[in-house]
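Right, one structure below, let's go through it.
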Amino acid sequence: MQTHEIRKRFLDHFVKAGHTEVPSASVILDDPNLLFVNAGMVQFVPFFLGQRTPPYTRATSIQKCIRTADIDEVGVTPRHNTFFQMAGNFSFGDYFKRGAIELAWTLLTTSVADGGYGLDPERIWATVYYDDNEAAELWQEVAGLPAERVQRRGMEHNFWSMGIPGPCGPSSEIYYDRGEEFGPGGGPAVSEDRYIELWNLVFMQSERGEGTGKTGFEILGPLPRKNIDTGMGVERVACVLQNVHNVYETDLLRPILDKVVTVAARPYDAGNHDDDVRYRIIADHSRTAAILIADGVSPGNDGRGYVLRRLLRRVIRSAKLLGIDGPIVGELMAAVRDAMGPSYPELVSDFARINRIAVAEETAFNRTLASGSRLFEEVASATKSAGATVVSGSDAFTLHDTYGFPIELTLEMAAEAGLTVDEHGFRELMAEQRRRAKADAAARKHAHADLSAYRELVDAGPTEFTGFDELTSEARILGIFIDGRRVPVVSHSDAAGAGRVELVLDRTPLYAESGGQLADAGTISGTGAGASARAAVTDVQKIAQTLWVHQVNVESGEFVEGDTVIAAVDPQWRKGATQGHSGTHMVHAALRQVLGPNAVQAGSLNRPGYLRFDFNWQGPLTEEQRRQVEEVTNEAVQADYEVHTFTERLDKAKAMGALALFGERYPEVVRVVEIGGPFSLELCGGTHVHNSAQIGPVTIVGESSIGSGVRRVEAYVGLDSFRHLAKERALMAGLAASLRVPSEEVPARVANLVERLKAAEKELERTRLANARAAATNAAAGAERIGNVRLVAQRMSGAMTAGDLRSLVGDIRGKLGSGPAVVALISGGDGDAVPYAVAANPAAQDLGIRADDLVKRISAAVNGRGGGKADLAQGSGKDASGIDAALDAVRTEIAQVG
Ligand code: SER
């Protein structure tokens, strides 16, 4: 049975049983604790927690899921995917254990002719939480499963949560026995390769708190109602129904794998396990990459962007290891589109963008591989010339960290060069980096605070935002928090030593940070008996999208829960903020006008006087494009367009052409901001000017890359724009004055100065070389004699590079004749480094004198490292106070042989 049929039968089965079909959410949801949506239930969390009332009591969906924790298992086991489709049915306070078991059992075992999956009931096993007698009995009663095919397992296996605070509960998993060729008998407790997990039924009834791992957290208490959350792995069911060995060979992944077979140097499934794993990694990861890009992720160096980058790099690297030399990512993206397009039309409609981003990453990584290879060669030759055979762990780490070289690549290249790698040292450094990353993540989570403290207020209803119409509003204090703990009152003196103080109001004119616009600055002041209370608002954030939380400095008096207060926006700040936000829309519109609709927004930030706008685009803008964007923007400002805001249904707004952000989830009714009719139309909840002329001049001050395929434009607006230009003008005037030419002649004058500087530098270099040659002749003339050996051993003054010294020792040696001669020069330089070089001629070598031995002596005296050969060697030290001792050491050594 093909995957699309499996999906269809699932949805049909549950819709027939009274469930509402809900589309998959984006893989990115607005939760800082969750990198990606990893289960079908994520979009329903507020329903489970009782924060929102669901519009249905039964739902079904097929959710796009990303899980990368087990990335190393991909391709190795038969069942791990980084992207998979989770088919689920959900009950919000409606049916519970019996209903869930009955519905799953029927779909799995009903014959294919009657619309089910037709699995043999004799091969099905179930697991339950160890003390869940109820579920165990239901499996026997509802499904007729004999007791020996219902296994009990502990919290690690049969208790489910999202890994972060939220709903949780005991679960019951359904397994299918693939037969003895896949592993030993004894049920899922013995082999999860033979008994493959198909479906997880979670009896969602509790709420968990902070903690880690599958067991290290506290259960905070019961949920308001008992719910059901189930997840069936579509790829796993396909694996069973298509009778293939692993998920990578199912109908939607196999074509991607086959595409690789056509270009790789080595075959699939021909007995080479490592190659087979590489094939499967490519199929799995290219599909995940396409889905991530479609949902708005761009390759980057942290967070989601890094996951995408890592997946694509593993694809490219695996392809190289299969002997594929040319580009491959474009073909893979096309294969993903063809396989997955019928279920995910965005992969077809948005293909050009997806392909462009993925291929750009491939090109960039290939360049990185090239420069990393150069670094590797340097490392390898330094290792060899120091007489060593092991590449250090820190070099391997740099190759990994800076150049994205997987350790296997370094190992392989080292082996080709006859070297090994200190893998242990490398792994230590990796572990250290992971520890740092973990500590960062933990710190971030903590900052996010335990939201349960705000739950009661979230439940009581949303804060009313009055700031579109007024800048000052009367409001009531609903809650006061110090460091996330609720308190009845906060006074100036309490607040002095305390951490974060927050006030939650029933209504407020202060804008909470969102959609790229920073929070308003303003004040909250008391009234009546509490009139002396005053607080400055330093930040405003939304919790659960609905509750405005004002972070404040209490400057005087005290605030008591229930008090009436006056919340006021700083009007100057707001004016600047509206200029910044409307300016962002103008720059966005201008970019699309100049570059075309492919310049898709990737993010933005604005505050009074400044804005930045990120968009998907390959390569820098030309000078001309940049000028045009600025010109179109300022013309639109000058046109004094009216700014019109209205609410509309999401589908209608999109049909009107309103621009929405990729990966963002919008409610059914959205706010639309229109500037100048068709000029700019965007979904936006921000505050804006009334007429475009109020934005004032817009000056683009920068255009740069912030990652592969994403550019950033930065601009000043309003008075800040004018101030920026005034500063530039003053700079120019200053330049013109010091160059003593009128401003328009500054560029020509600077070009002329640069030319002259270059000529002077060349002249200087010529003189330096002439001096060095003269020094060589003098030094040769003043050579000392130790035994039979003529020796020049000197400290050189002035800054000399290792290269200068090397050529100088060679020159002097040439002037010392054919008898035994040695030259050792050490630069006393003025920097920290102490470079040195030694040359020995053939006659000296015949006496047993080696330049590299002498360099070792010098190294010991000046705390340095170096190496070379018998005739010529060099090094560099750190301790100039050892130079005299070093020269003496050279003399002593020569005295011994000569
Ligand atoms: N949330 C559960 C899981 O992801 C069931 O949907 O396994």
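Backbone N, Cα and C atoms are what each Cβ position is placed from, and that goes for glycine too.
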Which listed span TrEMBL calls coiled coil, if the choices are 78-105, 638-665, 722-749, 750-777: 750-777
Residues close to Zn(2+) site centre defined by His581, His585, Cys684, His688, Cβ within 8 Å: Gln517, Thr578, Ser582, Thr584, Val643, Val673, Ile675, Glu682, Gly686, Thr687
Candidate with the highest Cβ count within 10 Å, taken from the binding-site residues His581, His585, His688: His585
For the coiled coil (750-777), distant same-chain residues with Cβ under 8 A (at least six beyond the ends): 739, 796, 804, 807-808, 811-812, 815
Mean predicted confidence [pLDDT] for the coiled coil (750-777): 88
Proximal but sequence-remote residues of the same chain as Cys684 (Zn(2+) binding site) (Cβ under 8 Å, at least 6 apart): Gly515, His581, His585, Arg671, Val672, Val673
